[in-house]
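Taken verbatim from TrEMBL:
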- 1-173: domain 'CNNM transmembrane' (DOMAIN)
- 44-66: transmembrane segment (TRANSMEM)
- 78-96: transmembrane segment (TRANSMEM)
- 117-137: transmembrane segment (TRANSMEM)
- 192-251: domain 'CBS' (DOMAIN)
- 254-311: domain 'CBS' (DOMAIN)
Amino acid sequence: MFQGFFSGAEMVILSSNKTKIRHMARRGHKGAVRFLKIVETPEWSLATTSTGTNLFVIISSVFTAVWFENIFKENSEIWSILIITPFLLILGEILPRTIFQQKADDLALKIALPFKYISRIILPVTYLVFYTSRFFYNLIKKDSASQNLYISKKELELVLSINEKESDLEIGEKKLIKRVFHLFESNVSDVMVPLVNVTAISSKATVGKAINAINETGYSRLPVYKSRIDNLIGIIHPIDLIHIKDIDAAINPFIREVPYVPESTKAHDLLTLLQRTRNSIAIVLDEYGGTVGIITIEDILEEVVGEINDEYDDDKKQFIRFEENKFLVNARMEIENANEIMNIDIPKEDYETIGGFLLKLMGKIPKKGETVIYKDIKFTVRSSGKKSIHSIIVEIVDKRHKGPETAE
């Protein structure tokens, strides 16, 4: 029984949720307070459980051997080993360890008091074992065993759920941890810069045009497209053009390849990929291979540390005109501007952007490719995330429509 108690106590000390128990101790739970005193010195506590387990194994083995000698006379040692060993393993080790590990948090509150008194009984032996082992440990010049500094996700989530006054974490620290969790749940499509917000240059452009575009946009990495803007093929870096004297030279030799990633890629996986390949930008593709946006390391880090203004965070570019009556539009484009630019008539109510209008019209956050028609206007969702629409294709389907009065 005592062997099982110490074996189980060891599992409780190792497996119990210390964060949860600290929270209970703050609320005045006596069992939690007692248990925290035990785990304040984990080396000593584990030495106590180990000493107690082995001590009672020795005692039970000696008594069993003496008892069997009186019963069996001959071969008593063999009978003693054959019978007592399974009992010690099953009842003294395997069973209590399994039960105590499964119910570690509950049992931690119950074993604290008996552990305190039983450990006092074997204190002289524990003291001898602990300091003898410490002497030899220091003799061979090994570092002291360090405490486990890792904390599980469940423990962190518990910390975040604890009332602010009872938690050791500041509000800012809680927000940071929540953002890290959010990053691991976010797809690239939730973080990327939609294509409508990207200024790119044709692969047929000259060095001179590329330099002018870089100067005008302020981009340090200028995306390059082939034939259509939704077919990005790489980037141009200003440093590659500095020493080129012929401004009429083609930019093709200077186009740098960057990774292509599906929009369903997890943001944290892409961050690892960009770090490993030493890239700072990637092109985001939809399921059909078309470009839906770009994403930079800054965009991913913003999910954790907040807004970082890089060159792609320019909200001035609100739309791209594909055809006379067909536009790729930023979902954040204001209704008033959209009506004026595309010569359409979207009512302005309790929303201010085209994205807000579609959310109310469709009654949900639509997925990419979903379409809705309002009067003479066909709206197709080009890209969207879990919480918002990113970009929309607006097509005026009425042939009698005169087209937009204002071009980009």
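Placement of Cβ uses the backbone N, Cα and C atoms for every residue, glycine included.
Within the model, the domain 'CBS' (254-311) shows a mean pLDDT value of 83, rounded to a whole number.
Counting residue by residue with DSSP, the domain 'CBS' (254-311) contains 21 helix, 16 strand, 21 coil.
Note: the domain 'CBS' (192-251) comprises 17 helix, 20 strand, 23 coil (DSSP; helix = H, G, I, strand = E, B).
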